[in-house]
Amino acid sequence: MQRESESTEEPEPPGRRRRRREGRTRTVRSNLLPPPSAEDSVAGATKGERLQRLGCVQHVADNRLKTTKYTLLSFLPKNLFEQFHRLANVYFVFIALLNFVPAVNAFQPGLALAPVLFILAVTAFKDLWEDYSRYRSDHEINHLGCLVFSREEKKYVNRFWKEIHVGDFVRLRCNEIIPADILLLSSSDPDGLCHIETANLDGETNLKRRQVVRGFSELVSEFNPLTFTSVIECEKPNNDLTRFRGCIIHDNGKKAGLYKENLLLRGCTIRNTEAVVGIVIYAGHETKALLNNSGPRYKRSQLERQMNCDVLWCVLLLVCMSLFSAVGHGLWMQRYQDKKALFDVPESDGSSLSPVTAAVYSFLTMIIVLQVLIPISLYVSIEIVKVCQVYFINQDIELYDEETDSQLQCRALNITEDLGQIQYIFSDKTGTLTENKMVFRRCTVSGIEYSHDANAQRLARYQEADSEEEEVPRGGSSQRGSIGSHQSIRILHRSQSTKSYWRTGSRAEAKRASVLSKHTAFSSPMEKDITPDPKLLEKVNECDKYLAISRHQEHPLAQLSPELSDVFDFFIALTICNTVVVTSPDQPRQKVRVRFELKSPVKTIEDFLRRFTPSRLTSGCSSIGSLATNKSSHKSGCSFMSTLSNDSMLFRLEERLGQPTPAIASNGYSSPADSWEPEYPQEPQPKQELRFEAESPDEAALVYAAKAYNCALVDRLHDQVSVELPHLGRLTFELLHTLGFDSIRKRMSVVIRHPLTDEINVYTKGADSVVMDLLLPCSSDDARGQHQNKIRSKTQNYLNLYAMEGLRTLCIAKRVLSKEEYACWLQSHLEAESSVDNREELLFQSAIRLETNLHLLGATGIEDRLQDGVPETITKLRQAGLQIWVLTGDKQETAINIAYACKLLDHDEEVITLNAESQEACAALLDQCLHHVQSRGSYTPEKTESCVNVGFSSLYLASATSTVSGPSPSLVIDGRSLAYALDKNLEDKFLFLAKQCRSVLCCRSTPLQKSMVVKLVRSKLKAMTLAIGDGANDVSMIQVADVGVGISGQEGMQAVMASDFAVPRFRYLERLLIVHGHWCYSRLANMVLYFFYKNTMFVGLLFWFQFYCGFSASAMIDQWYLIFFNLLFSSLPQLVTGVLDKNVPAHVLLLKPQLYKSGQNREEYRPRAFWLNMVDAAFQSLICFFIPYLAYYDSDVDMFTWGTPITAIALFTFLLHLGIETKTWTWLNWTACVFSIFLFFTVALIYNASCATCYPPSNPYWTMQALLGDPVFYLICLIAPITALLPRLFFRALQGSLFPTQLQLARQSAKKYPKKPETTKETLAQKHFPGDTKTELSEGMNTSPFETLSKDCASEASQHTQQPSCSPKTNREPSTVDISVPLREDTVLEDLGAQAPGSSRPDEAVLEACPENSKRKPTSSSQEAPLPSLFNLPSFSSLNWISSLSLVSGLGSVLQLSRSSLQMDKQDGEFLSTPPQPDQDLHGLQGQATDYF
Amino acid sequence: MAMNYNAKDEVDGGPPGAPGGTTKTRRPDNTAFKQQRLPAWQPFLTAGTVLPTFFIIGLIFIPIGIGIFVTSNNIREIEGNVFMYYGLSNFYQNHRRYVKSRDDSQLNGDRSALLNPSKECEPYRRNEDKPIAPCGAIANSMFNDTLELFLVANESDPTLTLIPLKRKGIAWWTDKNVKFRNPPGTESLKERFKDTTNPVNWLKPVYELDPEDEDNNGFINEDFIVWMRTAALPTFRKLYRLIERKNDLHPTLPAGRYYLNITYNYPVHSFDGRKRMILSTVSWMGGKNPFLGIAYITIGSISFLLGVVLLVINHKYRNSNNTADITI
């Protein structure tokens, strides 16, 4: 929770761990030591003294987790303080307090406070509850146990997590969760390694390796905390998970650097290591994990912003009404005061109020009385509705992913309705559109391509199997079966991590992460079982055999032909150039080294571990024992000498490792389930099925691929890698360095010493664009060089081909280093490694120095399969009017091909490619493209006309014609050009161009660029944006967008943590947006509108009354009703409607994504709707006021007996109004309405019977009871609401039958064709809705014709491409479609080949495509029956708004007139003493005795 | 749909071979409520569906309206009990400060409130250091004209017969018996009110409001109670007296000349008001007010008309809708 800045700036509480405040470092020393010497504690002298006095050595930041905001005492003030940050709350409290001023009060002051207090209490209760659940989970976590070394008892004792302090020594066992940030000092691992799983932190399930601090790994005996006297200096707590720097200063003054490899982070899990000991560096809230854990985000939705604007209108209205009333009251006072009217009440001292003062008082009172206009309950209601919406989204079973057992998560509670208004989607590619499950597809070695056809067929089979699986409920699917063998152990982990989950974001995520860990990420059979290419396999075998024979010769590799040598190296590189950790399913990752005897009772411990969760493993002594013996006996000989002297490193070079033990008899890969053989415990586990845990799926894919060629990685330690070959046996490579992958270098390298040649080799694997540039330049003079060049160009060609296929390409290269070169490089590298300042920079430089002059071995193509349903989803989203941009870091070709595969790009359409080398070029290209696009735009209107003319007879003709003019093009831009285009000068042009394009594809873009693009579109186009991604590189984009969606996939939780919504798969986006987004928007929009209507109407009643009470701010409605009306009586039905109403059923929305546009265009809640609603509210309040007024005119009715029916009428009117607006009536709606009425009358009856003298001034004793006996009450309760709603009902009916909107048509059709499983879908799809084509055309008439056409055609086209899968129509005539596709593909391929942006080439393509379309035309026109009704309807709907608007506004003005004339009449009557109408009535009263006195 | 899920549920309950088999999936419940599939009535507002509503409204409202109208207009013969009202116009009894200016506790006979009235009564709370009973502006402005009705025997004979006017039975029963009470005690009313003074504008103290009936004095005087029920609108009438019907044979007020004697105490010029006296009988729905009847008839007719309009529209455009449906 704490941010870095806070934690560094906050005053240090006493008892905190001492830090050196003056520096930017913190010093940590053992808690077991006597008090530090004086010079260290100068800074905190007083504190130190105090502590010493207490006899305590270390004063200590404890590991207590406290995420609660409040304590019992601080809750009330703090919570209130927070709530008053909301302006609305302040306003309401202000109004309520105003009531305490006697001169202006309108209600009993206490009563006026009630609603505000209620609202505050509800919020406070919610906060309290949240805080309490936080407290409970904190408590649970704080009371987890772990072993801490105790000074008193001289051994490790069990303590709670919260009792751990900085400087404590903690001992952790396998599968335990790390309680704090701990510096690793000792490990049971002979190499001082420790593996941790960081799933809780970043969701990555692969193991990360951590290393004991240098100088501690070679301790002979078990690490003894008591002897630890070194001082650790490190950074202040910060939230950078990927960085840790510091140094440890030993007693003898020696320093050793500390890096992130030495730090165990809180929340991770120890794996694969029996026991580790470390010293706590950061505890509690200073741990990196907690510093990273920022709270939930608050976003304000678009609708809410619009609503706030309307709230301001309401404020204005309120002020106007109050002002009007105040002026009125002033005048009225002036008139009656002089005459000392009987009803004029002077001030308490007898003096009379001056009219001006009275007006001011009246103004304030009016504000109180009319406060309802600013809906106090609106905010609360919206929050309730949103929570319910989130609940329903979470509960949607169709958003539940079977495979990962996860459902959609809403992380942001307050932007659900934004989902219904998205205009732009920015998507990542890898892992979002694709599975991020890498499958080795093909490779090229030494210029020869191996196509792996069998492999391709196998993949195709999987694909089929997959789709079959979808239909058949999968029972014990193959995928799970294959990993079933290690299931048991995984379950262990899982139960553990579920129990002691660790909160990064929410409980749910921790749980989910643990579930994820059950499925080991990259081990589906599809990726594992690779069918080798026979040719290549043969070559590998040849190598292998040959080397097996010649291994003892001087230069075994030299005898091989260069090609075979390359093949061999290629596979060695595939196998070892990575960071893959090998595990065996039935084993914990217990490391066994061949040249050591095995630690004694491993087998039993493992069994033990398997059965019990380790946290309960109390008898860990045996493993400790083994750790000790192991260390003592073997450490000295084997370990990596990590002293920093170069001499010793070089010395090691000379040292020759012993040959590994001879090969194990046969390769046992085919029999994976062989059990552990107790007789040969020292042998590694070759008979086990090996599992490769990789940091990225690519790596795993390559290792599995190599394994398919019998070149299997069997063991990886930090200083050696073992590879198993059938003939050659086990080869152990001494691993000298691993230069990890980073996104800047885009490659990784390993430096090894080859066991056969004893040479030092560098194997590099990286993106082709990078690696190809780093190759050793070859002179074209000699044959060898020419050959090399040929290989390179061939490889490059194949690379291009792979990219065309949408494969991810990697180049494999090698470099042989001479010892001198290596020594030279090593020196600088070690310097870089040991430097404390800008170590990263130096290491980067060092890596660059090494990775040059490479020899190209080959290249691989890895397939990243599209996720299920991606093309369909994209098509649907397109139809829904969403613009989809793909922002990817991948290379252009790959991206384009994936884009084609997922229907983002269409082969029909023109693709503009923007690749610029410089700013100027970019500007020029942009201009050119713009010109091109605009020139298309300029002649398109003519086309459109013709298109429309013909289009009525046949829709397909229209689409055919439009293909000639072409749908809007797509834009492909690479990262470099994007950088130029995003420049201030060009961004407008770029945006303008991008806006014209159907889809935009940004390749090779950096995370920053991604977010810049989103920001640009958001700010410049004022569009609603959604960003979806799965990886850390998408985080910035996700955060910038209006709605951020994270894919809770395989690349960790970072994207999810940053997102507002997390979906398991891309395809769920469709339902999330098109169904839930639409519903949420429509529900909330209607509810907000209804709220405004309701409050205005209610306030209107009070306002009209002012004309009859001298504008004295009097209210005929009892204050209780006035205050609780909104809160109690009329709140429930609208909430039910707001939560449950469905304007269109889900299946219709999905079938007709076009309906989504209503949200984008904000059709439901636009200013016009707001004002129409306000006018209607004014009208209704007039009716509801004047019907009772006239009915009770000149009667003996008293004020509140008259006001109560008005309240009842208002309630009925509200309910009826809601009834008209409600689209679906469930029993809940009925119940809510009945409940509302029931509640009102019950409360009224009880209230009116409760007290004879209370509740001044209304004193409504027995009023309701009396009214219930009065027939007039029932009569006006019947007529007034109906009269008030007649116009609305009538216009709704008119609109519903004359100018139905798309949504209404869709609803209607849904009603006619209720959802039936399966069959309906097809029939519906087939008929694709009458309103669809109709209104789309008519829409077009209103907007620009160009746009319509393209939309129309686009949807047509997409329908066409989509159909083959489902529609029976295309089944009937498959020929047309089948023929057209390949032909057009060709043209596009050509087109792609040499694409000069803005050139005229697309025209050619179009020309070629043209005959196709014309061919298609006749058949399709016969298919598609002409729609005669089309002639009529467009004109209707174009008239739609105009006519309805004029009608309604006309009505409004009429009303306005009648109202004012009414007032005039009335006032005349009052002021001028002309006998008004009622008097004449009296005359007519039998003429008996109407006398004026 | 549902079947699909069930099938999957069974088979895919958990990872195969999981020990114990107690796996908890996060699969949401497939209930109608959670999946938002509650059975629902989905009205669709078109001319066709709505027009019956309009006709029904018309058909119900017009008869009701006629009924009310007839009833209201039948309040003619002064038969049965006749109610005598006084009417005031332009009198703002609903003025905010006016409405508040009373003390219900005092009126309910609370002794402490009697002697120490609520602050709301200011400036009519105390007069010369004595508490005012009843306090407040409402009470202070009580209507205090006296009306007497005489029947002139005939044209020639000017003898006047006083029509007996009943002073009781004009207030709400609950007001008279629950809300308003005299201060407790067995002494005479005068004793009980002895420490109080009458409102400034009053000529008589509160315990002498009805000289004829001892039980109709003090706070429970019905004229007073009626006045204290503040009128909703500036033009109002209040019940003054009841003329009871003596027997069934004669009308309560037979045709003839009447003579109204007014003791003029109440000034209306100060507020440009007027006073009226109204005699009326009541029907089941109160006094004569033709408005409701007319309103019902009007609204019923409008509704009927709109129904017809919708019928036409429905007839005219149904075809196009249908064709659209067919062409699908």
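Each Cβ is built from the backbone N, Cα and C atoms, and glycine gets one as well.
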TrEMBL lists transmembrane segment for one of the ranges A:693-714, A:1199-1220; which is that range?
-> A:1199-1220
Among A:610-635, A:1468-1493, TrEMBL marks as region 'Disordered' the stretch A:1468-1493
Mark yes when the transmembrane segment (A:352-374) and the transmembrane segment (A:87-104) have three or more Cβ pairs under 8 Å (sequence separation 6 or more) and no when they do not.
-> yes
What same-chain residues, at least 6 away in sequence, bring their CB to under 8 Å of the CB of A:Thr430 (Mg(2+) binding site)?
-> A:Asn436, A:Asp864, A:Thr888, A:Gly889, A:Asp890, A:Asp1030, A:Gly1031
Hey, does the transmembrane segment (A:1199-1220) touch the transmembrane segment (A:1120-1140), meaning at least 3 C-beta pairs closer than 8 angstroms, sequence gap 6 or more?
-> yes
Surrounding residues of the transmembrane segment (A:352-374) on its own chain - C-beta under 8 Å, 6+ positions past either end | 88, 91-92, 95, 98-99, 101, 103-107, 112, 311, 314-315, 317-319, 321-323, 325-327, 329-331, 333-334, 337, 344, 346, 1095-1096, 1098-1099, 1102-1103, 1106, 1111-1113, 1115, 1122, 1125-1126
Given pairs 6 or more apart, does the transmembrane segment (A:1199-1220) have at least three Cβ pairs under 8 Å with the transmembrane segment (A:1272-1291)?
-> yes
C-alpha spacing of A:Asp1034 (Mg(2+) binding site) relative to A:Asp428 (active site, 4-aspartylphosphate intermediate), in angstrom | 7
Calculate the per-residue pLDDT averaged over the domain 'P-type ATPase C-terminal' (A:1056-1301) and state the result as an integer.
-> 91
Same-chain residues at least 6 beyond the ends of the transmembrane segment (A:311-332) with a Cβ under 8 Å from one of its Cβ atoms are 355-356, 358-360, 362-363, 366-367, 370-371, 373-375, 378, 1092, 1095-1096, 1099, 1103, 1106-1107, 1110-1113, 1170, 1174
Least surrounded among the recorded positions, given as A:Asp428, A:Asp1030, A:Asp1034, when other CB atoms within 10 Å are counted | A:Asp428
Reduced DSSP state (H/G/I helix, E/B strand, rest coil) at A:Thr430 (Mg(2+) binding site) is coil
